Amino acid sequence: MAASKQTSAGPLVGAVVQGTNSTRFLVFNSKTAELVCSHQVELTQEYPKEGWVEQDPKEILKSVYECIAKACEKLAEVNIDISNIKAIGVSNQRETTVVWDKFTGDPLYNAVVWLDLRTQSTVETLTKKIPGNSNFVKSKTGLPLSTYFSAVKLRWMLDNLRPIQKAVEEGRAMFGTIDSWLIWCMTGGVNGGIHCTDVTNACRTMLFNIHSLEWDKDLCDFFEIPMSILPNVCSSSEIYGLMTSGALEGVPISGCLGDQSAALVGQMCFHEGQAKNTYGTGCFLLCNTGQKCVFSEHGLLTTLAYKLGKNKPVFYALEGSVAIAGAVIRWLRDNFEIITTSGEVENLAREVGTSYGCYFVPAFSGLYAPYWEPSARGIICGLTQFTNKCHIAFAALEAVCFQTREILDAMNRDCGIPLSHLQVDGGMTNNRILMQLQADILHIPVVKSVMPETTALGAAMAAGAAEGVNVWSLEPEDLSTILMERYEPQIQATESEIRFSTWKRAVMKSMGWVTAKDPENGDNPVFSCLPLGFFIVSSMTLLIGARCVSTAEE
């Protein structure tokens, strides 16, 4: 029998999307931005102690190779030659920390995940040794001293794990976030693997100077981290090395972005003032501030958005996080038990079309930006005899939208550029009631890409546009038009403001329920790690083990 004829699909670009709960490999047509095929593998997490979250770096690596192999098989099934794949991009969960032996290629400990809380005492110790300038860390990194970021995780490893201490002493240790681990392994590992990261991941370590775009010696000295174990910092779009094994051996890895930056690129937010919001377990809002490094006065983080080429300028962003988005739906299902599947919330909310004066403040572990109030706890208020589960479901969806409104108001104040619309992605955007509510509460249009894989698309765009690959043009006139679903506000601005002001009254009532106590006495230590009352949403035990609702995972 004659072999079936293989077809040319034009230049294709692959994207590894390595998230907290799963790994995916997606293949795009670089001329149309269409998704050609994909494969996903679920991952396990380990919880050795309360508040600890770990993953096996080898399992993560294996999942990447499995996803690539299965996606290539799917291409073959439709007679597409895998030689059409010209480049691979990597998008990854940020901050998660790996240390490995450069001579054996073995991890020296499990990956310590971004939401791990074990470093609270480490943060307290470091806080006490901050120089006279209380903004010493934030002024260089845009970040507060927190358990969230990689430097304190690495400091804990060096303080507590003798195998890592010994490897550092003997010059065998390599440090990296997940992108570094994957790229090193995929480009050869012990046989010449490239030890690198990109600026969007480096800036989340708390060791990287976001002004000079280099590892900062003062920061490394402060955290007592040897600079010799750090990866080389590259742009988000350049050839780092070639795949040395697997179905795509010889294909260049030429794009690398932290997941939220990848979503920003995939949403094509290339202009100052453009913002995207990813709705998953929580919400991650990034606003492009252009080539200006804007420091927030309203509790937002300053971060690097992207640097799409060695000689291209760096773009900055303000980032705000909402802890409870999809997580509130999970709570309604698992704790409140008024639904059995997440999809039921939309149906319940549609039945009534209103909360009937019921407001839900999901401050399960305190309030976040712009309040930063650890004493708050979740409340449902405005209940009457008429209130039923449909109204509570509606109020839960409204809560996600009100929290987003507060973050975007903070961004508008920091940037001085009111948003004309909000671009959205993530699993919760499939909830049409939620999207309409968001437009009503923001009183600006909410724009959703019909193609939901924006994180993967951003990584693919960066890889395809790299010098030496050049199969994906990022020039405005060449960017593919992506179909958008648009939600326009359907209520008057005055009604929106009344509902929002009532929400803020409910927020005030949620405050002062608990007193932060000494964590050494066994009380909840979530907030002890952040100076001046500032804490990061990732330090939430509630989120540990929560299944990611988003297509773009942290």
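Keep in mind that glycine also has a Cβ here, set from the backbone N, Cα and C atoms.
What you are looking at is a predicted structure, and each value in this text was computed from that prediction instead of being measured.
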Which of these, GLY241, GLY320, GLY326, GLY468, does Swiss-Prot say binds ATP at the same site as ARG24, THR281, GLY427, MET428, THR429, ASN430, ASN431?
GLY326
Since Swiss-Prot lists THR20, ARG94, TYR148 for substrate, which candidate among ASP218, ASP221, ASP259 does it give for that site as well?
ASP259
Cβ neighbours of GLY326 (ATP binding site) where a neighbour is any other Cβ within 10 Å:
23
Write down the Cα-Cα distance for THR20 (substrate binding site) and ASN430 (ATP binding site), rounded and given in Å.
21
List, in sequence order, the same-chain residues at least six positions removed whose CB sits under 8 Å from that of ASN431 (ATP binding site)?
VAL345, GLU346, LEU397
Quick one: Cα separation, GLY427 (ATP binding site) versus THR20 (substrate binding site), in Å?
15
For a quick check of packing: other C-beta atoms within 10 Å of the C-beta of TYR148 (substrate binding site), how many?
28
Enter the number of other CB atoms within 10 angstroms of the CB of THR20 (substrate binding site).
25
Nearest to MET428 (ATP binding site) by Cα, among THR20, ARG94, TYR148 (binding-site residues)?
THR20
